[in-house]
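Asker: Per Swiss-Prot, the feature signal peptide maps to 1-19; the stated evidence is sequence analysis. The annotation topological domain 'Extracellular' is assigned in Swiss-Prot to 29-648. Among the features that Swiss-Prot reports, domain 'LRRNT' is placed at 29-56, with the record citing sequence analysis. Look at Swiss-Prot and you will find Asn74, Asn155, Asn232, Asn292, Asn309, Asn312, Asn408, Asn500, Asn622 tagged as N-linked glycosylation site. Residues or ranges marked as repeat 'LRR 5' in Swiss-Prot: 158-179. The annotation repeat 'LRR 13' is assigned in Swiss-Prot to 377-398.
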Amino acid sequence: MELLPLWLCLGFHFLTVEWRHRSGMVTAASQGGCELLDGVADCRGRNLASVPSDLPPSSRTLLLDANPLRTLGNNSLQRYPFLESLSLHDCYLERIGHVAFQEQARLRSLALPDNALSESYKETAAALHGLRGLRMLDLSGNSLTEDMAALMLQNLSSLESVSLARNIIMRLDESVFEGLGHLRELDLQRNYIFEIEGGAFDGLTQLRHLNLAYNNLPCLVDFSLTQLRSLNVSYNVLEWFLASGGEAAFELETLDLSHNQLLFFPLLPQCSKLHTLLLRDNNMGFYRDLYNTSSPQEMVAQFLLVDGNVTNITTVNLWEEFASSDLSSLRFLDMSQNQFQYLPDGFLKKMPSLSHLNLKQNCLVTLHIREHEPPGALVELDLSQNQLSELHLAPGLPGCLRSLQSFNLSSNQLLGVPAGLFANARNLATVDMSHNQISLCPLPASLDPGGTPGCVDFRNVASLQSLSLEDCGLEALQDCSFQGTALTHLDLSGNWGVLNGSIAPLWDVAPTLQVLSLRNVGLTSSFTELDFSAFENLRSLDLSGNALTSFPRFGGSLALQTLDLRRNLLTALPQRAVSEQLAGSLRTIYLSQNPYDCCGVEDWGALQRLHIVADLAMVTCNLSSKVIRLTELPAGVPQVCKWERVDMGLLYLVLILPSCLTLLVACTITFLTFRKPLLQVIKSRCHWSSIY
């Protein structure tokens, strides 16, 4: 007992020391309002007016983004000589002291985007010139001109990555990037560049990635950056792209010319490693078959290139611009949103490695599938939103789509496809033929691939998983329409009467279907077989836009997660038993735009508690010719509904019968009371003389 006070004192002492130690750790972790972790000081958005002076001197990364610093003084960073990365994004910087980075010999990355460095660019340039080891510099969003940028980049020969995006640069010449022999990545997007003088990039022998998107370049002629691997010139006003002639080997792998005004297919290098070519949203077309080109002189264009005192003339064959281009390594080609009316002979044959071809939203009317076209490596082909009325398959090519996995033919004018087009398509998983007026073949189509039958046959395409036939004007399906397939996604929306009173045509794919869309197909509750119990793997079911008056039937182990019943004729919500069954798996249900009776929503509370009604605020019901939101339904509605359920004829009879009986009794009493006087009055009034 005598030792107890001693133990208590020692325990209190150790607890005090531990509390102080932990408090010190917490303070260190958030010193000066900044978060510290493994040499990184995160001071972003702290409303700091100057660089904190109480951070660990050994900090390697300092993040000061979104602070109103305005000025970076000469001594602001003197305490942090080990900095390797400094970020000053959106700090309202107008001035950087000329020796602000004097102690930062280890600095490798400097981010200064979205400031106002153009205000004192000369002093800023002087400060940057001391960073001999800098590798990454971000000057985007500083309202810099080309002269300002040239001064700031002067003598920074160690730079490997530079961003000058979102400035006001208009012209580029050899002086802007002079001495940047190690530069590998240059971002010039979102400027006002309309001219690039010859030799502007000649000194950038290590340049691999160049971004010129969102500028005002009218053309790129005599392109000769052989060392470049990716070039982005999207969102300009390019009308021509011509690589330099000769057999020089280009390292170019990705070329983005999308969203320009190109009229002709670009003249690409004769020897390159190009694997991605993006030509979306231009005005391109092939013209050889559209004009009378009997004279060779009518088929060429000459470009006069003036560079100082040197004049070069480049002659281009307008009708065969792709003939000399090296497309052997091309894997991804996007030609969507152009004016292509046809593909010339041999065009696709030059691309044996092509795996993705996008020809969406062009003017194609007829497509001839010839030998080795499409290439055997083709995985995805998009021909949607054209004017295709015919597909021609060369004889002897029934398995030309053997590698194809996705085939999009939607929004065309097709009535059918060549017989055998899908034969031996062992990998075909997705087909979209929506918005074509096609019909499904009642019997296997003819094996003659020469013509185009007026139907399409998907049977026995074992690899097919997703099929879209929306708004195809399909007639009633036969029971074997999808026999031999393992569909997981099926869209039959917009085909009124396609099921003809029964979902039996879908039984072949019922065990595998996961997503089924039957929107606007004319379903009614009078269907004798509108029972989805056999669809045990169904995850999503769309029954909107039909004429259902009651809930469809579900049974067995239900896996349904999404159910859409909008725009039907439902007057009552599902019964409690159905709601409890759906609650096990259902995550989302749509119930709005139905003429519900407010007296038929007794189970609304139970359904609401499940929190699965996605359009809860839009569900309404009718009560005494009024439309009321279910969420605003008053508490007294059940009493009103009890009165509305009473037979009104019986009610009127009960109200009128006592009144009639009372009136009859009153009349009888009156008659009996005044019977004798009344008879005398009648006799006196009706008395007349007799002739006798």
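Any Cβ shown, glycine's included, is placed from N, Cα and C.
Thinking about packing and proximity, how do these listed features fit into the structure?
Answerer: Confidence for the domain 'LRRNT' (29-56), expressed as mean pLDDT, is 88.
DSSP classifies Asn74 (N-linked glycosylation site) as coil under the three-state reduction.
Over all protein chains present, the Cβ of Asn155 (N-linked glycosylation site) has 14 other Cβ atoms lying within 10 Å. Asn155 (N-linked glycosylation site) falls outside any helix or strand according to DSSP and counts as coil.
Non-local neighbourhood of Asn232 (N-linked glycosylation site): Gln189, Leu210, Asn211, Leu212, Ala213, Thr254, Asp256, each in the same chain, at least six residues away, with C-beta under 8 Å from its C-beta.
The DSSP breakdown of the repeat 'LRR 13' (377-398), given as helix, strand and coil counts, is 0 helix, 7 strand, 15 coil.
Neighbour density for Asn408 (N-linked glycosylation site): within 10 A of its CB lie 21 other CB atoms from the protein chains shown. The DSSP secondary structure for Asn408 (N-linked glycosylation site) is strand.
All protein chains included, Asn500 (N-linked glycosylation site) registers 15 other Cβ atoms within 10 Å of its own Cβ. According to DSSP, Asn500 (N-linked glycosylation site) sits in a coil region rather than a helix or strand.
All protein chains considered, the CB of Asn622 (N-linked glycosylation site) has 15 other CB atoms within 10 Å. Asn622 (N-linked glycosylation site) carries a strand DSSP state (E or B).
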Asker: Below 8 angstroms Cβ to Cβ, which residues of this chain, lying six or more residues outside the repeat 'LRR 5' (158-179), approach it?
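Answerer: Counting only partners 6 or more residues beyond its ends, the repeat 'LRR 5' (158-179) has Cβ contacts under 8 Å with 113, 132-146, 149-150, 185-197, 199-204, 206, 211.
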Asker: In the domain 'LRRNT' (29-56), how many residues does DSSP call helix, how many strand, and how many coil?
Answerer: 4 helix, 6 strand, 18 coil
Asker: Restricting to the chain of Asn74 (N-linked glycosylation site) and a gap of 6 or more, list residues whose Cβ falls under 8 Å of its Cβ, or answer none.
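Answerer: Within the chain, Asn74 (N-linked glycosylation site) has Cβ neighbours under 8 Å at Gly97, His98, Val99, Ala100, Gln102.
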Asker: Cα of Asn155 (N-linked glycosylation site) to Cα of Asn408 (N-linked glycosylation site): how many Å, rounded?
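Answerer: A Cα-Cα distance of 54 Å.
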Asker: Round to the nearest Å and give the CA-to-CA distance linking Asn622 (N-linked glycosylation site) with Asn408 (N-linked glycosylation site).
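Answerer: Between the alpha carbons of Asn622 (N-linked glycosylation site) and Asn408 (N-linked glycosylation site) there are 44 Å.
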